[in-house]
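Novice: The structure follows.
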Amino acid sequence: MWLLALCLVGLAGAQRGGGGPGGGAPGGPGLGLGSLGEERFPVVNTAYGRVRGVRRELNNEILGPVVQFLGVPYATPPLGARRFQPPEAPASWPGVRNATTLPPACPQNLHGALPAIMLPVWFTDNLEAAATYVQNQSEDCLYLNLYVPTEDGPLTKKRDEATLNPPDTDIRDPGKKPVMLFLHGGSYMEGTGNMFDGSVLAAYGNVIVATLNYRLGVLGFLSTGDQAAKGNYGLLDQIQALRWLSENIAHFGGDPERITIFGSGAGASCVNLLILSHHSEGLFQKAIAQSGTAISSWSVNYQPLKYTRLLAAKVGCDREDSAEAVECLRRKPSRELVDQDVQPARYHIAFGPVVDGDVVPDDPEILMQQGEFLNYDMLIGVNQGEGLKFVEDSAESEDGVSASAFDFTVSNFVDNLYGYPEGKDVLRETIKFMYTDWADRDNGEMRRKTLLALFTDHQWVAPAVATAKLHADYQSPVYFYTFYHHCQAEGRPEWADAAHGDELPYVFGVPMVGATDLFPCNFSKNDVMLSAVVMTYWTNFAKTGDPNQPVPQDTKFIHTKPNRFEEVVWSKFNSKEKQYLHIGLKPRVRDNYRANKVAFWLELVPHLHNLHTELFTTTTRLPPYATRWPPRPPAGAPGTRRPPPPATLPPEPEPEPGPRAYDRFPGDSRDYSTELSVTVAVGASLLFLNILAFAALYYKRDRRQELRCRRLSPPGGSGSGVPGGGPLLPAAGRELPPEEELVSLQLKRGGGVGADPAEALRPACPPDYTLALRRAPDDVPLLAPGALTLLPSGLGPPPPPPPPSLHPFGPFPPPPPTATSHNNTLPHPHSTTRV
């Protein structure tokens, strides 16, 4: 009898542990609905084995307990031969796996080699605390952390109690909770999901929150540009984590058909890239991009080969064959690789996502212009003063930025971001003009403020608005926000606005449980209220795709003071009004955020380049794809692209071959500013005067050459190929005017009488400008042998010889493309490769 009793006890324990393999969620649809929610160490079945979590109480009476599953493997460890390879599904394990402690972080440099300008403020201000989260590092780092609420949170209770807000009808099964996967930032080089505790967000919003570690730096994004190492392994890790969630989250009470990805900084860029990748199709439904897009200068690495060769040379793996170099790097210890100091150009990255033709099929902006959104709902926004770290180096004192420091910073900015030398002076002066407060131009504090706005507008605001506009053009739901609040912390400059990463403590509910080592702020009741507001918006969006529904804004549980967000309805962003929500202590819905400056970067700056192109080039041009990825397949080729917008919108013109330019925003008919009008007027006047000058010069040269030919040609002579006969070159000893002497020297240099004068002097066609906005100056050759055009002979001496080719490290050429080739090593055999 006692044996039978033991068997019955064991059977009951097994049933509490989650049922049989492949079964549903233990104890009912969610942990909070069964006995598991009451256990200290609940056990859940997954497709790969059983995992044991831990129940945690939160430091707030309105928040219920959360079950944490920490360090759940979502992929096979990328060790040995699996380094620089796409991830594989994890192997099954016997028994019960403990998931009660945080997993190791992925290998990264601990010596602060990454420039501070590329990291969030809370990270750089608390480096010692941040270092404690990445002390435990291992190449075996592909793990998830899950935070599962055990009971309905305050938001669900408020929704059910609201008489004017009926229960959400969009939720198919109220027992299944939405899932939110957070992608951490850190310039693709640093960070870990362990830094972000999702417990408060999960408990307050009644959602399952997941964080993850993915491969970083050289181990996550090294690329040779060919099949030896295609790169994007960190992105593939994120896709594998989404596959794991789709397959297993139902066992934890989650809804695999309501998965939202969200991230900040580089994590937000990953969110945008996953939207554009067909490998992630069907794995998530909504996306939140906080302070990051795929079209900023730091989002994509357009020089992967350069930095791979630099790294290989540093560790003794510089080989002529790319496969041999990668194999050598694969044998090196991970610590030796990540500790190498490979510095990128300022405002760029050394190791990050690349356009590989598969995971990232094409330049992200091209994909967005072609509607590669695949029907994702999107919430996107920026902080008020994202560029704080860019300005702190230039601020010499509390009095602000001096005039010389302002000029130097702008010049350095242009030199590092724009690759055509002839137009740099014009662009530099135009930027200074646009970002000078002419009413108070000698005020150092005002110069600091405008410099902060310059970096914020260029690196964050303009790319975010362009992304939202491209998204809305295809009738996809998109909501835009601007974040105008930050917590009070020691050491923070009084003049600083909400900087890069300042929204994160409010998204994760830190004010509700008090200051932490990473966010050592003096949180007030206003901070708690604002955090509740942000979590309500974010989790509403994860539930329905609408941040306003199903839960209304109500924070009376904090204090009796009215919540101003209760009367605010967050409107969708559209291409005409571009509505956005101002998130701060005084919320409001407005339109056309920083419209003048956004138009400057998206319209006037490309227009300045077009004027330069028309002035210095003729009809002889490079092939349209000579300096960028090959064109897409013909329109009739099969694909999964989203259909064009409905007929209710005016059709957008088809892009013409050649250098691209941003499309003008439809409906932007407003008067931008006096400064912008003056700039355009001055530019147009200079263009007109130059055209007149060149016309007169051409006429004068042609007239003199005609007279000279008549003087030098003997009557009735022939034999030179010149009309009228006679030699084209003058007789010995006869002096020529300067402009005729230059023509003579050009003809001699070009091979004498038989040479074509048009072959003597031809400058190159400038590169694609909109890509040059995001590439380092040496990404694209400024002179190419095949791009020759004729300049007037009186303009000056011949130009210098062309510089070396695009990538100075030539031993890694990509293999010749074939019509049927695809990447068999990636998780999916299908591909939209344009090569």
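The backbone N, Cα and C atoms fix where each Cβ goes, and this holds for glycine too.
Annotations per Swiss-Prot:
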- 1-14: signal peptide (SIGNAL)
- CYS106-CYS141: disulfide bond (DISULFID)
- CYS317-CYS328: disulfide bond (DISULFID)
- CYS487-CYS521: disulfide bond (DISULFID)
- 630-658: compositional bias 'Pro residues' (COMPBIAS)
- 678-698: transmembrane segment (TRANSMEM)
- 795-818: compositional bias 'Pro residues' (COMPBIAS)
Novice: In Å, rounded, how far does the Cα of CYS487 (disulfide bond) sit from the Cα of CYS328 (disulfide bond)?
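Specialist: A Cα-Cα distance of 48 Å.
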Novice: So among CYS317, CYS328, CYS521, all listed as disulfide-bonded residues, which is physically nearest to CYS141 (disulfide bond)? Use the C-alpha atoms.
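Specialist: Minimum Cα distance from CYS141 (disulfide bond) across CYS317, CYS328, CYS521 lands on CYS328.
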Novice: So what sits near CYS317 (disulfide bond) in its own chain, CB-to-CB under 8 Å and at least six residues off in sequence?
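Specialist: For CYS317 (disulfide bond), the qualifying residues are LEU311, ALA325, CYS328, LEU329, LYS332.
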Novice: Between CYS106 (disulfide bond) and CYS521 (disulfide bond), what is the CA-CA distance rounded to a whole number of Å?
Specialist: 28
Novice: Counting every protein chain present, what is the number of Cβ atoms, excluding its own, within 10 Å of the Cβ of CYS521 (disulfide bond)?
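Specialist: Around CYS521 (disulfide bond), other Cβ atoms within 10 Å: 20.
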Novice: For CYS521 (disulfide bond), which of the three DSSP-derived states applies: helix, strand, or coil?
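Specialist: DSSP call for CYS521 (disulfide bond): coil, neither helix nor strand.
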Novice: So how many other Cβ atoms are close to CYS487 (disulfide bond), meaning within 10 Å of its Cβ?
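Specialist: Its Cβ shell of radius 10 Å holds 23 other Cβ atoms.
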Novice: For CYS328 (disulfide bond), name the DSSP secondary structure in the helix/strand/coil scheme.
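Specialist: Looking at the DSSP assignment, CYS328 (disulfide bond) belongs to a helix.
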Novice: Among all chains shown, work out which of the disulfide-bonded residues CYS106, CYS141 has the most CB atoms within 10 A of its CB.
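Specialist: Of the disulfide-bonded residues CYS106, CYS141, the highest Cβ count within 10 Å belongs to CYS106.
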Novice: Applying a 10 Å Cβ distance cut-off over all chains shown, what neighbour count does CYS328 (disulfide bond) have?
Specialist: 15
